[in-house]
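Colleague: I'd like to ask you about the structure that follows.
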Amino acid sequence: MKAPLFLQPVLQEKIWGGKSLAQFNYELSSELVGECWGVSAHPNGLSVVRDGMYKGKTLEQLWKENRQLFGKYSSERFPLLTKILDANTDLSVQVHPNDEFAHMYENGEMGKTECWYIIDCKEDAELVYGHYARTQEEFQHFVAEGKWSELLRRVAIRPGDFFYVPSGTVHALCEGTIVLETQQSSDTTYRVYDYDRTDANGQKRELHLEKAVAVSMIPHRDYKVKANVVEENGAIITTFVQEQYFSVYKWEVREEASFQQDKPFQLVSVIEGDAVIKTVEGEFPVKKGDHFIIPAQLGNFVIKGKVACIVSHP
């Protein structure tokens, strides 16, 4: 197949969501839309092919039945999940398990290492990234006493920042932040603190303190992102991270750029602008908010227009 696989976005309501995802050309069903699952083979939000010869098929079906689209990459399950999140209010302080813990205690689920590209945020925005506890006992003490300002490490952010969030990292997106998240295909979250919020039924959301303490990285270790920027064949390509589970890049095209598909497959999310992708099979318009997969056989292609994309592959 020498055409992109375009996927329909799956929108998810969240207690902390808002209306900002409308700017990505999505039709919102409420004022509490917190997540767009753009590329997903996870059962909690399956992507469906939008058009073309595979129209109506889920990404999970393609992974099982049409593996030639994904090159020689070998894995029982589709490995990655791409989201756009609108943190209209603070997300819970949380942590995710690694593969070993999740497989043992979460019915064979994958662990969850993730990363964030800050698409936009308010002027004084921040996020929670790590903590100050030196031992498990100190961590548990701060939690039991509700000493959140002493425990949680807050970091100022601005648009264009990138954070790598390995499993075991205590973290939270905060109010006024829109991010593109690339992660392992997992939906396992252990909440540490939820600001004592209640849902529509007046119930507080469940915390998972025992598991959270068990999987948290203590003491916290910072991961310093060293972005590498090159100009290549008409595109500005920023490499943010190349780690065990994924590599993540930003492609910026101002007029026209040529690319070669030399990966098993690539996930692409358009975060700004619009363009046309030219392949031997035809021309395919893309716009802000589109998510698609570049399959293994696509070969060389050209992007013409003014556009910015976040791109990943396992």
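Every residue gets a Cβ built from N, Cα and C, even glycine.
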Colleague: Look at the Zn(2+) binding annotation in TrEMBL, where His96, His171 are given, and name the residue from Glu76, Glu114 listed for that site too.
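Modeller: Zn(2+) site check in TrEMBL: besides His96, His171, the record includes Glu114 out of Glu76, Glu114.
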Colleague: Under 8 Å Cβ-Cβ from Arg191 (active site), six or more apart in the same chain: what's there?
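Modeller: Listed in sequence order, they are Ser92, Val93, Gln94, Arg205, Glu206, Leu207, His208, Ala212.
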Colleague: Using DSSP, what is the helix/strand/coil residue split across the domain 'Mannose-6-phosphate isomerase cupin' (237-314)?
Modeller: 3 helix, 56 strand, 19 coil
Colleague: Among all the protein chains here, how many other CB atoms are within 10 A of the CB of His171 (Zn(2+) binding site)?
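Modeller: 24, counting other Cβ atoms within 10 Å of His171 (Zn(2+) binding site).
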Colleague: In this predicted model, what is the average pLDDT of the domain 'Phosphomannose isomerase type I catalytic' (6-104)?
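Modeller: Averaged over the domain 'Phosphomannose isomerase type I catalytic' (6-104), per-residue pLDDT gives 97.
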Colleague: What are the other residues, in sequence order, whose C-beta lies within 8 angstroms of the center of the C-beta atoms of His96, Glu114, His171 at the Zn(2+) site?
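Modeller: Leaving out the recorded residues gives Gln94, Val95, Lys112, Thr113, Val165, Pro166, Ser167, Thr169, Gln183, Thr189.
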